[in-house]
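Right, one structure below, let's go through it.
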Amino acid sequence: MSTSNPGNVDTASRTVSRIKRKYTALGEDILAIKNKGASAINSEGDQTIFLGMCEVLNSRFEAFMELFDEAIEYSESYSLDPSFPSAADKLYLATVKSLYYEALGYKEILQRKHNSSRLQLPRQLVKSAHNDFNLLVQMENPSGAWEADWAEYVSFVLTMTISAAVGVYFGFIKGGQNTISGYLLGSKEISLIPMSISLITAYFSAITILGVPAEVYTYGVTFSSAVLSLISIGFVSSYIVIPVFHKLQLVSAYEYIELRFGRGMRMAMSLIFVIHQLSYMPMTIYAPAMAINQATKINENLVSSVMSGVCIFYTTLGGLKAVVWTDTFQAVVIFFSLFAVLIMGTIRVGGVQSVIAIASEGGRLDLDFVPDLTGRMNFWTAQIAVSLMWMANCSFSPESIQRFTALPTLRQAKISAFLLPLGIIVAVITCSAIALVVYAEFHDCDPVSSGMIIRTDQLLSLFVLKVLGDIRGLGGLFYAGLVAGSLSTMSAGFNSLAGIIYRDFVSSHFQVAPSERNATLIMKGIVCVIGFICVLLAIFINKLGDNLVEIAVTFGGLTVGPIIGIFLLGLLVPWVTNKGVMCGSLVGIFVTAWFTVAGRIYAAEIASTHPVKTVRVDGCYHNFTVNDIFPRNSVSNVPTLYRLSSFLLPPLGIFIVMTISVIVSYLTGFNRLLDVNPDLISPLVHRFLPKKPKTYEPVPLEVIELPNE
């Protein structure tokens, strides 16, 4: 050690105090350098000063680490303070490391900027800082895991058991799953309420439960404001989509595309749907498994396998009826768990007024009404783009169309079309309210900035463990809700995929159509195969890093707009031709793919221009004060065209597909409206269709002999 050994404990204690003061001063120096780096990004005048300060950054950090280790040595050698380093000391150490790596990140940004190379934050450096520090729960609980008792395990086991029991009931006791109609449409015996609940839960997965709070915590309620326009989804479904599909009674939604635009378009859209589902469903499996692993240290692969196995079991045995009734049960679990977290969390953080006051002070309730195509999201973007993304799922997805078709009457299908967005509105508002409660708890100690967690989608799980972990059974109920959300989304996807793959890819290869029983056996086999593939992808998703997540987000972003555009053309524009739609869809997918790939390439630079809401860490512990970490607002060298908000890609895709399709159809010759089947066109457009001339069957003439007078 650089300091000579003291002769007694008192001297050693004073030495440790002096060392602490020294490394605290060094920590403040590192903070000052980091803050200067943040300002240098926006101010050229500060860049020279900051780069000069960086010359002493490494030496300051090395001295800090040496002094911290020296303090530990003295404490251990003289048994001065058995609690040192305490949880607060560890958090202090992790925060200084995070500040150091963040300063290095700013330095690298400026150096690359001067070299005219593409900017990219050194993510590995930042991640290594976060990896030095686990969840706050792990500091308070040295065992490193949440101490779940029997009440928590009962919640999880009951969710799995009841879901499996529903499959057994409809598969073996109730029966009726041995026909295509019975397996995919529930023999049209499912009533309105359970079908509507199933529709809602199908689009309310664990990703939504964890993702919406993270979005609102980071960027405020702008995303949530989209609920104001979600009711439009009900009108689109009820007056444009449902009248056509309910009359046709098609098992596969893409059968309609073949009837309207040919088999080539049907196969292309079916393939897009299958790939999208295979990239999305593993994330719905992995999200709750990861959260449970963080809390209990139960192997996430085991959790993924058990969840998927149960879902495959009841979906295979019970068909759509089992899916719908398990969704109904799971909806109760989901909303009960969310309301419990919301109510108990609000009480723990000081009540509704406290939550609103803190959220308002932190800017979480602010809405940006300034139209900006390059901003991440504003009020108008949310109303248009977010609503379109929900519309793609709720109005035009095979899962929704399958359920609309399965209802006994057209009137019930239309009612369910309005209940679906209402349920989503309730869900989004609930998750957004939970986000504000979470912010009220962490408003002065941001878990990401302080190193407690790595990603914002871990916020809600951290909140449940840290703030509500002492309430017996609540943690288990919360994780049961995550599992239920995952199961509902998976089962809907499995059942719909079985019908799509069988009708669009398998059945055409049989010279003689299989019997109803054999057809359902094939579809059950498809569910098992798809489920097994999703389990494997979920197991390896962590090893793949962000790749699968990026693929899912990218693939979804570039296909949402074109898919909506194709369906709208088919239902509303009868004169558009097959060639026109094929050209329009290819151009639409190409352009949205171009923007999506550019967005991924320039992701770091684009993100640096999108301001996040202010977060603080000054309340994390008593002996270390950090200034507010202000929103980023960097000057970007990204071409203006590529700064287009990723949320605007769906409306861009719709516009391109519909415009190009109409132009090409005009150049090649519109459809003769007399040749268009009116059953394939929305009733809203029937008034513009020419009435087909009535045809009469020839009547043979009979010779009538008049009587002789």
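Including glycine, each Cβ sits where the backbone N, Cα and C put it.
Predicted, not measured: the structure shown is a model, and the values here were computed from it.
The annotation transmembrane segment is assigned in TrEMBL to 153-172 (among others).
As annotated by TrEMBL, transmembrane segment applies to 192-214 (among others).
Here TrEMBL flags 226-246 (among others) as transmembrane segment.
Sequence-distant contacts of the transmembrane segment (267-289), counting only residues of its own chain at least 6 positions beyond either end whose CB sits under 8 Å from a CB of the stretch, comprise 205-207, 210, 252, 254, 257, 300-301, 303-304, 307-308, 398, 457, 479, 482-483, 485-486, 489-490, 493, 496-497, 500-501, 504-505, 530, 533-535, 537-538, 541-542, 548-549, 551-552, 555-556, 559, 563, 566, 585. For 267-289 (among others), the entry in TrEMBL reads transmembrane segment.
The transmembrane segment annotation in TrEMBL covers 301-320 (among others). A Cβ distance under 8 Å defines the sequence-distant neighbours of the transmembrane segment (301-320), meaning residues of its chain 6+ beyond its ends; these are 160, 163-164, 166-172, 177, 182-186, 190, 285-286, 288-289, 292-293, 326, 402-403, 406, 483, 486-487, 490-491, 494-495, 520, 524, 527-528, 531-532, 534-535, 538-539.
Here TrEMBL flags 332-359 (among others) as transmembrane segment.
According to TrEMBL, the feature transmembrane segment maps to 417-440 (among others).
Packing against the transmembrane segment (477-501) from elsewhere in the chain are residues 152, 155-156, 158-160, 163, 183-184, 198, 201-206, 208-210, 251-254, 270, 273-274, 277, 280-281, 284-285, 287-288, 291-292, 295, 307-308, 310-312, 314-315, 319-320, 322-323, 326-327, 329-331, 333-334, 336-338, 340-341, 397-399, 402, 464, 468, 523-524, 526-527, 530-531, 534: each is 6 or more residues past its ends and has a CB under 8 Å from a CB in it. For 477-501 (among others), the entry in TrEMBL reads transmembrane segment.
Taken from TrEMBL, the feature transmembrane segment applies to 521-541 (among others). Residues 180, 183-184, 278, 281-283, 285-286, 289, 301, 304-305, 308-309, 311-312, 315-316, 490, 494-495, 497-499, 501-502, 506, 514, 548-549 of the same chain lie 6+ residues outside the transmembrane segment (521-541) yet bring a C-beta within less than 8 angstroms of a C-beta in it.
For 553-573 (among others), the entry in TrEMBL reads transmembrane segment.
Below 8 angstroms of C-beta separation, residues 118, 261, 264-265, 268, 550, 554, 557-559, 561-562, 565-566, 569-570, 636, 638, 642, 644, 646, 649, 652-654, 656-666, 668 of the same chain, each at least six residues beyond the ends of the transmembrane segment (580-603), sit close to that stretch. Under the heading transmembrane segment, TrEMBL lists 580-603 (among others).
Here TrEMBL flags 647-667 (among others) as transmembrane segment. Taking Cβ pairs closer than 8 Å, the transmembrane segment (647-667) reaches residues 373, 376-377, 381-382, 384-386, 388-389, 392, 557-562, 564-566, 568-569, 573, 575-577, 579-581, 583-585, 587-589, 591-592, 595-596 in its own chain, all 6 or more past its ends.
Within the chain carrying the transmembrane segment (192-214), a Cβ under 8 angstroms from the stretch's Cβ atoms is held by residues 223-224, 283-284, 287-288, 291, 323-325, 327-328, 330-331, 334, 338, 390, 393-394, 399-400, 403, 406-407, 412, 415-416, 419-420, 423-424, 427-428, 431-432, 434-435, 438, 455-461, 481-486, 488-489, 492, all 6 or more beyond its ends. Within the chain carrying the transmembrane segment (332-359), a Cβ under 8 angstroms from the stretch's Cβ atoms is held by residues 159, 201, 204, 209, 365, 427, 430-431, 433-434, 436-441, 443, 460, 463-464, 467-468, 471, 474, 477-478, 480-481, 484-485, 488, all 6 or more beyond its ends.
Residues 196-197, 199-200, 203-204, 208-209, 212-217, 221, 224, 226-227, 230-234, 237-238, 241-242, 335, 338-339, 341-342, 345-346, 349-350, 354-356, 358-359, 362, 364-365, 390, 394-395, 400, 404, 459-460, 463 of the same chain sit 6 or more residues outside the transmembrane segment (417-440) yet have a Cβ under 8 Å from a Cβ within it. Same-chain neighbours of the transmembrane segment (226-246): 253, 256, 382-384, 386-387, 390-391, 394-396, 400-401, 404-405, 407, 410, 413-414, 417-418, 420-422, 424-425, 428-429, 567-568, 571-572, 679-684, counting only residues six or more beyond its ends whose CB sits under 8 Å from a CB of the stretch.
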